[in-house]
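Chemist: Sharing a structure here in C-alpha cells format.
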Amino acid sequence: MAAVITEDNVYSEAEVNGAPPADGDDQVQLRGPEGNIQGQVEEFLGPHPDYDEEEEERKYYRRKRLGVVKNVVGASCGGMIVYSVYMGLLQMQLILHYDETYREVKYGTLGLEDIDNKMLMGINVTPIVGLLYTPVLIRFLGTKWMMFLASGIYALFVSTNYWERYYTLVPSAVAIGVVIVPLWASLGNYITRMAQQYYEYVNYKDEHVQEQKKPPKGAFHPYIIIFQSVFYIVFHLSFVFAEFPMVLFLNYYLNDYKHTLFKVTQCGKILSLDPNLNKTVLHSLPRSLLLIEVESVLMGAAFLAMLIFLVLCGAAYRPTEEIDLRSIGWGNIFQLPFKHLRDYRLRLLCPFFVYSGFEMLFAVQGLILSFGVCSVGMEKLWLLVMVYGLSSSICSGLALTMLRLPRQIILLVGAFVHFVLIITLMCWSPQPREPSYLPYLLVLSALWGLGTALNKTGLSTLLGMLYEDKERLDFVFTIYHWWQAIAIFIVYLWSALPMRAKLGLLLLALIVACLCYVQMERRLAKKIPFRLPRIPRPRHKVKGYRYLEEENSDESDTDLSDVDDDEKDEDERGLVEEDRNTDDDSQGSPGPERSRFSPFKRCYISFSFMML
C-alpha cells in the first residue's frame with residue numbers, strides 16, 4: 001500500500017514539474033545567476049557602449065603622425081650632432097698639428113704633417129667611388145641602420161684621437177670617406193619618406209590611401225618642403241656647435257693676430273692657409289689631460305648621436321618593403337643608380353650638385369680662411385664660422401616660401417646671391433692684420449650662409465618633389481651626393497691654384513648649373529617625356545599585410561612551373577621595355593609591347609638574358 005502511494009507521488013511531481021506544453025504558450029523563466037548568462041556573454045563580447053570607433057581611429061593616426069615628427073627631429077638632431085663632433089674635432093686637430101712646437105714636443109719625429117695630409121686624402125678621395133657601393137650597403141642594411149652605422153664610424157674617428165698614430169688616424173679617416181655618401185643618401189631618403197608617411201597618416205580616410213594607390217600629383221609637396229626645411233634648420237646648427245671646443249678650450253692658447261699674421265703680406269691669394277702664416281700659433285701647449293677631457297666630451301656626444309638614430313628614429317619602410325629591396329638581386333641594385341641617369345631631369349641637375357659641393361668647401365676654406373683669418377686672425381675664426389652657421393640655419397626656413405611661390409625662386413635666388421658675392425670677392429680683398437674689416441667679413445659670411453641654405457634646402461626639396469611618386473629615393477640621393485663627393489675631390493686637387501682662378505671656376509660652375517636647371521624646367525613645362533627605371537619585381541611570393549595573395553591549395557606542380565615561367569617572361573620583358581612614366585603632367589612614352597616582337601626576336605631576347 002505504501003509503495004502505491006509513493007508511486008502516485010512520483011507521478012504527481014512529474015505532472016507539476018513536467019515539460020511545457022507543445023504550443024509554447026507557457027515559457028519557463030530560469031531564475032537566479034544562471035538566468036541571464038546569454039545576455040552577459042553578448043554584453044561582454046559586444047562593443048562597449050562608450051566606444052567610438054572614429055575617435056579611436058583618429059587618436060591612432062595622431063600617434064602615428066607624432067611618431068613621424070619624432071623621426072624627423074631625431075634624424076635632424078642626430079645628423080647635427082655627428083657633424084658638430086666631426087668638424088669640431090677635425091678643426092681642433094688640424095690647428096694643434098699645424099703648430100711646430102706642439103709637433104716637436106708632443107710627438108717628436110712622428111710626422112704629424114704627413115699623417116694629416118694622408119688623413120685629408122682619405123676623407124676627400126674615398127667618396128668618389130661611393131656610387132659603386134652605396135646602393136649595395138643600403139640594400140643590405142636598410143635606411144635606418146645605414147644612418148646608425150655611419151654615426152658609429154664617426155664615433156670611431158673620435159676614438160682614434162686618443163692615440164694619434166698613422167695606423168689609427170688614417171684608416172678611420174678612410175672609413176669616414178667611405179660612409180659619407182651612404183649617410184647623406186640615407187638621410188635625404190629618410191626625410192622624404194617621412195613626408196610621404198605623414199601625408200598618408202593625415203589623409204587616412206581618402207580612398208587612394210586606403211587602397212594604396214598613387215596619390216594626386218603634388219600631394220606630398222607641402223610635407224616634403226616642411227620636413228626638408230626643418231632638417232636643414234637643425235643641421236646647419238652643426239657649424240655653431242662645432243666651434244664650442246674652439247671657444248671653450250683652444251682659443252685660450254692661441255696667439256693674437258699680430259704674431260700669427262706677422263709675415264702675411266696679402267689676403268685671398270690661395271685657398272688654404274697662407275704659407276707665410278706663423279708656424280707657432282700657440283703661445284702655450286694645452287695639457288694632455290685637458291685634451292683627453294675635451295675628446296671624451298666629444299666621444300660622449302658621438303655616442304649620443306648613435307643612440308638618437310637607434311632609439312628615436314623609426315624604420316623608414318615596412319619589413320616586407322625592405323625584403324622586397326633585398327630580393328631583387330645584387331646586380332639590379334648595382335645598376336639602378338646608373339639607370340636613373342637616363343632621366344634628363346637628373347642629368348641636368350648634376351651641374352648644380354657639383355656646384356653645391358664647391359660652394360660649401362669654398363665657404364670654409366676660401367672665404368673664412370683666406371679672407372677672414374688672413375685679416376682678423378685665427379682667434380676670430382670661431383666667430384666667422386658661427387655667423388655662417390647661424391645664417392644658414394635661419395635662412396633654411398626661407399624654403400618654406402615654396403609653399404606659396406614657384407619652386408624655381410629658391411634655387412635661383414640662392415644662385416644670384418652667390419653670383420654677387422663671387423664678383424665682389426674677385427674685385428675686393430681685405431688687408432692683413434686689420435681687425436676693422438671684421439664687420440664686413442661677418443656680413444659676407446652671413447650672406448654666403450644665405451646662399452648655402454637656399455641651395456641645400458632647395459635641391460633636396462626639389463628632388464623630393466620631382467620623384468614624389470617613387471617610394472625609394474635612395475638611388476636619387478646617392479647620385480646627388482656622389483656628385484658632391486666629386487666636387488670635394490676636385491677642390492682637393494685644385495688647392496694650389498691662385499684664388500682668382502678658383503673664383504673663376506666657381507663662377508663658371510654656377511653659371512652652367514643655372515643654365516642647366518632653367519633648361520630642365522623648360523622641358524618640364526613643355527611636358528617632354530622623361531625616362532624612369534623600373535625596380536624589378538621580387539621573384540618570391542611575399543606573404544604579409546602588404547600582399548593579399550591567397551594560397552591555392554589545389555595548385556599542382558605544373559601550375560607552379562607555369563607561374564614561374566610567366567614571372568621570368570615578365571621580368572625579361574621588363575628589362576627590355578622602358579617603364580611607363582605615370583606622371584600626369586609629364587607622361588613618358590610607353591615601351592614596346594610584347595606583341596610587337598616577332599617570335600624569333602622574343603626567343604633571341606630570352607636566350608640572351610638566360611646566358612647573362
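Residue numbering: from 1, along the chain as shown.
Just so it is clear, glycine is given a Cβ too, placed from its N, Cα and C backbone atoms.
Annotated compositional bias 'Acidic residues' per TrEMBL: 550-570, in sequence order. According to TrEMBL, the feature region 'Disordered' maps to 1-33, 546-598. The feature transmembrane segment is assigned by TrEMBL to 68-89, 119-138, 169-191, 223-254, 297-317, 348-369, 381-403, 410-431, 437-454, 475-495, 501-518.
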Chemist: Where, among 410-431, 437-454, 475-495, do we find the most CB pairs under 8 A to the transmembrane segment (501-518)?
Modeler: 410-431
Chemist: Which range out of 223-254, 381-403, 475-495 gives the transmembrane segment (348-369) the most CB pairs under 8 Å?
Modeler: 475-495
Chemist: When you check the transmembrane segment (169-191) against the transmembrane segment (410-431), do you get at least 3 Cβ pairs under 8 Å, counting only pairs 6 or more apart in sequence?
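Modeler: Between the transmembrane segment (410-431) and the transmembrane segment (169-191), which are separate recorded stretches, there is no contact, as judged by 3 or more close Cβ pairs.
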Chemist: Are the transmembrane segment (297-317) and the transmembrane segment (475-495) near each other by the rule of at least 3 C-beta pairs under 8 angstroms (pairs 6 or more apart)?
Modeler: no
Chemist: Which residues of the chain, 6 or more past the ends of the transmembrane segment (68-89), have a CB below 8 A from one of its CBs?
Modeler: 147, 150-151, 154, 157-158, 161, 176, 183, 187, 190-191, 194, 197-198, 201, 227, 230-231, 233-235, 237-239, 241-246, 295, 298, 301-302, 304-305, 308-309, 311-314
Chemist: Count, for each of 119-138, 381-403, 437-454, the Cβ pairs lying under 8 Å from the transmembrane segment (223-254), and report the range with the highest count.
Modeler: 381-403
